[in-house]
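Reading through the structure tokens given below for one structure.
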Amino acid sequence: MNQSIKPGDNPDLTDERLSGTFDTNAMAAVIYGSDKLAQRRREFSEAVSRIPELKDSKPYPFMTREEKILEGSRKSAVLNRLLPGLIDLESFEETVFIHQEVIGIEGYPLALHESLFIPPIATQGTDEQQEKWLMRAQRREIIGCYAQTELGHGTNLRALETTATFDISTREFILNSPTITSLKWWPGALGKSANWSIVIANLIIKEHNYGPHPFLVQLRDEKSHEPLPGITVGDIGPKMAFNGADNGFLGFKNYRIPRENMLMRHSKVTSDGSYIKPPHAKIGYSSMVKVRSRMASEQGLFLAHALTIAVRYSAVRRQGFLKDKSREVKVLDYQTQQHRLFPSIARAYAFIFCGFETIRLYDQLLIDVQNGNTSGMADLHGLTSGLKSVVTYQTGEGIEQARMACGGHGYSMASYISEIYGVAIGGCTYEGENMVMLLQLARYLVKSIEMIQNGKSRELGPMVAYLAEKESEIDLNLGPNEYLKVFEYAARNQTWRATEKFQKLRNSGMSNEEAWNQASVELTRASRLHTRLYIMSTFINHVGSILDQKVKGVLIDLLNVHVTYEVMDIGIYVQGLLSSNQMDLIRNQLYVSLETIRPNAVSLVDSFQISDMQLRSVLGRRDGNVYENLFKWAKSSPLNQTDVLPSVTQHLKPMMEKSKL
């Protein structure tokens, strides 16, 4: 049963919901990991809808950037007062959701405080450092951010220029930004809101550079909020989207901090200047890996926002005729519209489920690292690099398709899809530029092939064991696991092909760097296929674990859309495995799967249970009453508050009057 049906809804949307074959609350429990968490989300949505202080002062598209920042700050302060009685403050999921529900996706001063300031203190700070700063941060006595990216360097950590030089005589670090390109650039909340930051700087002791390390740095006076002497800080200006956040720049000039402000759970600097290295070279990347681990689910939900809008609107928008000539048909009944939207619905679910597994792997890694076992670090680093790249790119594609599926109205800010796109697509560059991420994964894949070549197949990790397997016959009538074999074939062949090309170039006399560059396109293709194989595998496994048979049934239908669409999408890589007749069979199975999903399309997006408050879309309204509210929204435009604008009286009217002479 679809739980979204209410009196006064658009009858077309009600008919769609009545055609659903499963309980949307039960599906929401699958999407969010438990019935308890899904229920809590519904309770939060209901609770905040009754609090006048938390409502938007006006539609976000009609706000200036300054108004958006002010609105986000106002709501953050209100939430900080109300949160102790509303949510479990120790639950990251509840904290993130309540802020997205109330403030939305355009950013706010505390957005990175929870995700990138507190976690490094918790995972990389010593017990003493946590005692000193963690509770202050959790109580929001201070507002923090995370400053790593610089004006001249982002993904290439080794080229960061900010320095933290240890002064043995005073037992302090001296921070400096030696060049214009060394300015920290892009950190959210840095511009005007944060008064503390995790700063990534090169640790220098006795003129030896030990590379990037994290430091906890106070930026502004806690009473006046003025920048401290030696600090240059400000806002970088408007962006493509996410303009409720004050992304900033930061520079240092002989700025001193105590030795104890370097986060030292893993790397350490003693009072006499001795350096104690971490147990694993990449252990300092744990905060980055955590963010990338969560990105699959987060991006899946961005895609879910856009698809909720596009699918609901497609169910109430009528245009053209099919069998019944007495009434125009719903746009959602066209096969082209289904082909445009339904595979993206499948991807949204796949990304969310994949996120569950990746977060589980990250949590297990933390336990292992605490026990001195860092063997899984390289595997997870490679995996999350690939996921980050593939998921963000495909999410951007899916959101843009959703916008175009809404026709002309999709171009209006009333749809809100352009803002969703602008926020989500930022994921292609923050936390590592996508091409660089693919090449990081490629290094792991090449090393795996070299292990096979050297007779060490048994030492391969479980995620790359398929690279050593031989092809087997494919029977496409046996279900999704056969499609998984097709993807394994494609990923395995491309990884071997790319590796052998790199090795051949290197053996011809090229340097490693030049050979890598010449093979890089083929290497990125291998990384994409490997990552998409992992996504498909986790989707299959997750659906197989579901107990509710009605929910499982529709997810199997969605899984069939996914595996057939994904295999069709990589046809060029499986030409040596599948015949033209088999490709025709897959294509026809995809079209049948689209028809099978059609009655459940609205219920599948309703199951994300994204409230109207959070969705902020006229086209995607839960009640489907689009047209009257679109007119109402347009009339609220600031331009319509007066009949004659100054642009007319000052310029156009004099021009027209002069032309009459």
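Even glycines carry a Cβ here, placed using N, Cα and C.
According to TrEMBL, the feature domain 'Acyl-coenzyme A oxidase N-terminal' maps to 23-143.
For Gly188 (FAD binding site), the count of additional Cβ atoms within 10 Å of its Cβ stands at 27 [all protein chains shown]. Feature annotation from TrEMBL assigns FAD binding site to Thr149, Gly188.
Under the heading domain 'Acyl-CoA oxidase C-alpha1', TrEMBL lists 285-446.
Glu431 (active site, proton acceptor) is surrounded by 23 other CB atoms, counting those within 10 A of its CB over all protein chains shown. According to TrEMBL, the feature active site, proton acceptor maps to Glu431.
Residues or ranges marked as domain 'Acyl-CoA oxidase C-terminal' by TrEMBL: 480-657.
With respect to their backbone Cα atoms, Gly188 (FAD binding site) and Glu431 (active site, proton acceptor) stand 12 Å from each other.
Taking only the Cα positions, the spacing between Thr149 (FAD binding site) and Glu431 (active site, proton acceptor) is 9 angstrom.
Neighbour count (other Cβ atoms within 10 Å of the Cβ, all protein chains): 22 for Thr149 (FAD binding site). Across all of the domain 'Acyl-CoA oxidase C-terminal' (480-657), the predicted model scores a mean pLDDT of 96.
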